[in-house]
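Remarks on the structure that follows.
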Amino acid sequence: MHTPAECAPSCRDKSHVGTRVRPRPAAQIGSTHSNWLEGNSTMEWWVSCWNLANQNTVSRSGTAVDRESALAQAIGAGREVIRDENGQTINPVAYVKLGDDLGLVSGFDDPNLSDEVLRARIEEAIELRKRRDQERKQLDREREQASLSVAPATTASVLSSTPALSSTPALSSTPAGSITEQWTRIADWMRSHLASVRISGAQPTRIAEAAKSTGATWPAELVKFFEHVDGIGSENWCLLLPAHELFDLDRLVDERKMELEVWGEIDEEMGAESAEESSAGEPAGTFLPAFIPFAGRDGNLLFVDTRPGPLHGCVTEFDKVGADDAGPRWVSLSAMLTDLADSLEAGSTFHGGWAPDIVDGRLDWQYQP
């Protein structure tokens with residue numbers, strides 16, 4: 001979930017309707033490396049910014065005498081290319097690469113952030129990426145060892161229960177339940193507290209078409225969920241989840257396609273190994289075809305994991321910086337709805353410390369650390 005600094009707006013804040021910011025290689029400072037030139041160690045850098053509105057790339061490049069100088073020049077270039085000729089932000093995040101080090105950083109669009117703060121963010125993002133790569137390599141080694149120690153007929157069952165998977169538990173202990181039962185609780189609460197908000201589900205044919213377009217087999221819970229709620233229209237918009245907007249089917253398909261394109265380009269550039277054969281719940285470090293996003297905001301998504309395994313159908317947050325590194329949030333979509341219904345009915349905190357409140361007839365989420 002987001003930090004307090006990213007506090008969710010209330011449902012009365014209509015300026016956020018339709019926000020669709022994705023982590024396209026936004027301000028991408030990448031493919032830098034050290035060379036030996038004229039007896040001096042130098043470092044090349046470049047900045048590539050993906051313009052969300054125009055769907056094109058703006059880039060800058062250069063060479064510095066050392067890492068510190070390259071970092072300083074990259075920060076300056078990042079501040080420049082992240083805005084268009086009118087000074088408007090064209091994408092809020094940046095991929096920063098120095099040598100073999102890569103990290104995804106936000107903040108180039110914030111004039112109040114000093115170079116020192118951006119420098120620290122870059123280093124933190126690079127370290128996060130390194131840890132993720134190390135974890136993935138360790139997971140690959142464990143899976144390889146498991147495959148060598150068992151007969152082929154039993155390999156699949158052993159791999160699905162390796163320590164790497166069991167050490168990635170869902171953060172909520174709430175068990176799976178009934179989508180219809182939990183959504184009914186939420187709908188009853190909304191009728192009592194948010195009378196102006198109307199939510200309707202999608203027709204089975206539309207759900208089937210959307211599922212077919214993803215090429216993934218949707219869990220029954222995801223199908224049932226969209227039978228009850230197909231997003232929330234702008235005419236009565238409400239942030240039912242504290243940090244994510246519920247998607248309608250069209251936006252689900254669009255967002256998923258965009259994420260696959262974005263992260264596919266990143267993985268290709270980095271020469272990343274495929275994680276498509278991993279089990280549900282295992283951090284992939286990228287966006288996989290098996291991920292079905294049903295809610296999101298500002299580049300951060302909630303998705304249902306359709307990969308096979310004991311955690312098939314779990315709900316995970318996909319962060320524009322850390323990807324799915326945090327692991328599953330709920331064991332299922334119905335478990336998430338149970339926690340949401342409990343929070344709304346009791347006024348207790350929802351996952352991540354957000355407490356619901358009604359202000360002037362609108363749902364307002366307040367962060368309570």
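Cβ atoms here come from the backbone N, Cα and C positions, even for glycine.
Annotated in TrEMBL:
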COMPBIAS  132-145  compositional bias 'Basic and acidic residues'
DOMAIN    202-337  domain 'Knr4/Smi1-like'
REGION    1-34  region 'Disordered'
REGION    132-154  region 'Disordered'
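Taken together, the residues in the domain 'Knr4/Smi1-like' (202-337) have a mean pLDDT of 90 on the 0 to 100 scale. Taken residue by residue, the domain 'Knr4/Smi1-like' (202-337) breaks down under DSSP into 50 helix, 24 strand, 62 coil.
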